[in-house]
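Comments concern the structure below.
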Amino acid sequence: MIRVPADAENAHSSSVESCPSLRDVHSINPTQLMARIESYEGREKKGISDVRRTFCLFVTFDLLFITLLWIIELNVKGGIETTLEKEVLHYDYTSSYFDIFLLAVFRFKVLILAYAMCRLRHWWAIAFTTAVTSAFLLAKVIISQLFSQGAFGYVLPIISFILAWIETWFLDFKVLPQEAEEENRFLIAQDASERAALLHPGVLSDGQFYSPPESVAGS
């Protein structure tokens, strides 16, 4: 009985293991691949992905929510006109909430410019806005006298701090990874489509078939 060497067995097993991948390539449907590629290209033409659009909506919500709380705070203190003049025209760092509103405007402008208009695919912009927000709010809470002004002395700084960090988490763990994954899928589908085009040539047209002339009877 002839004994097969171990190297030959390993080579045979590796060739067998490679067969499923070849069968997978042969089983690829070019129509489905082209549909995936066209859908991805359609999303690219829109200019912004769905998850990035959700992030921009949340940034807008951040600005509107802080603005709403600030307006409520102006009404609670005795009327919008009187309190607005006191907090804006006679701004005092230790007692005014106007700077927290400006901080929300700052976050909105930077993040929308970076991730909606410029379509940035990096975390440095959100890291900058969150660092500025956190440092400013911590300094304001320590130095100012907000806690002596009622519930809004707690609500506005805490809400602003939480929203800034939620935006950071959402971009870093949802937007950027999902867009990178979609891009990788597109590249894989495009590569598989090119392979399928080589392995599955187009269907032969009618002009490529011909029939031989009929032979003369009795020849």
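Placement of Cβ uses the backbone N, Cα and C atoms for every residue, glycine included.
Quick look at what TrEMBL lists:
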DOMAIN    48-219  domain 'MENTAL'
REGION    1-22  region 'Disordered'
TRANSMEM  55-76  transmembrane segment
TRANSMEM  96-116  transmembrane segment
TRANSMEM  123-145  transmembrane segment
TRANSMEM  151-171  transmembrane segment
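Annotation: stretch 55-76 has the most Cβ pairs under 8 Å to the transmembrane segment (96-116), among 55-76, 123-145, 151-171. Confidence for the domain 'MENTAL' (48-219), expressed as mean pLDDT, is 85.
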